[in-house]
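Down below is the structure, laid out as structure tokens.
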Amino acid sequence: MKNLLSMEHLTIEEIHHILDLAQAFENGEASSLARTHHVANLFFEPSTRTKTSFEMAERKIGCTVIPFDAGFSSVTKGETMYDTVKTLEMIGLDAVVIRATEDEYYNELLSGINVAVINAGDGAGQHPSQSLLDLYTIKKEFGKFEGLNITIAGDISHSRVAKSNAVALQRLGANVHFLCPEEWAGSFEAHHSWDDLIEISDVIMLLRVQHERHKVNKSFSKESYHQEYGLTIEREQQMKESAIIMHPAPVNRDVEIASELVECERSRIFEQVRNGVYTRMAIIETILKERE
Ligand code: ASP
């Protein structure tokens, strides 16, 4: 694995390798990298979890993290992404983790760049490290993907998390269901009511409404969205005993999920954050190992 750009590029074997390595790291295994690698995190969109989690993961496997402040970088002076990344390569970096607003921003980096590129989210495109940490969370819980009923609910067409997970989970044998208002279904065949889904789901994965990606900002009522598409306290009571709740966060409490459910027994929302560090250690280690 030279880069990590989209879940569509990963083989099933590569996915399982990363999940197994994440488990090994969680069990206390140390990094087997032979040298110190230099990495930088280029975040051109807001982030709390992903940026901090990558930095923690990088440090835990012995990388040197070179500070990069997107808001004060030469991109604000008109420099292209290609020239910025090429510059960091010439300075001596081994890998860059990038989050940007444009879908598939990484296409301009595919030739001429030798530093490894890890996509930490491209617009409404993909978010592969989130998907891998979600897969890790599901595998830890159920030990398998085949036959699980997984409902992804929310702003499907604008969500890079939904798109990354849809591809990966279907390939791994899960039955993936989508639930959203009609205008957010995009190319997905979606349900528009919880009726057939709440009682059969093993995993309910909620998504934040991506207001920042809506071209037309229609009026939006948090209360009616919560009543129609959110996970309310009443709906949670209808879930299977073994079913879990996931959300990539940030959570908008009482919109996509009732505030009281965020840390309820079946919620794995904060556990996902913890799992993210091991998963990102596994991603970076796998990529850097190939460069040694
Ligand atoms: N943190 C996730 C992302 O960057 C989910 C979200 O922002 O709603 O896509």
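One-based numbering along the chain as shown.
Using N, Cα and C of the backbone, Cβ positions are placed for all residues, glycine too.
Binding of carbamoyl phosphate is attributed by TrEMBL to Arg49, Thr50, His127, Gln130, Ala249, Pro250, and the same site annotation extends, among Arg99, Arg171, Arg213, Arg291, to Arg99. Around Arg49 (carbamoyl phosphate binding site), a 10 Å sphere centred on its CB holds 16 further CB atoms from the protein chains shown. Within the set of binding-site residues (Lys77, Arg99, His127, Arg160, Arg208), the lowest number of other Cβ atoms found within 10 Å of a Cβ is recorded at Lys77.
Neighbours of Arg160 (L-aspartate binding site) among the binding-site residues Arg49, Thr50, His127, Gln130, Ala249, Pro250, defined as a Cα within 10 Å of its Cα, are His127, Gln130. Less than 8 angstroms from the CB of Gln130 (carbamoyl phosphate binding site) sit Thr50, Gly121, Arg160, Val161, Ser164, Asn165, Pro248, Gly276, each of them six or more residues away in the same chain. In this structure, the CA atom of Ala249 (carbamoyl phosphate binding site) is 7 Å away from the CA atom of Arg208 (L-aspartate binding site).
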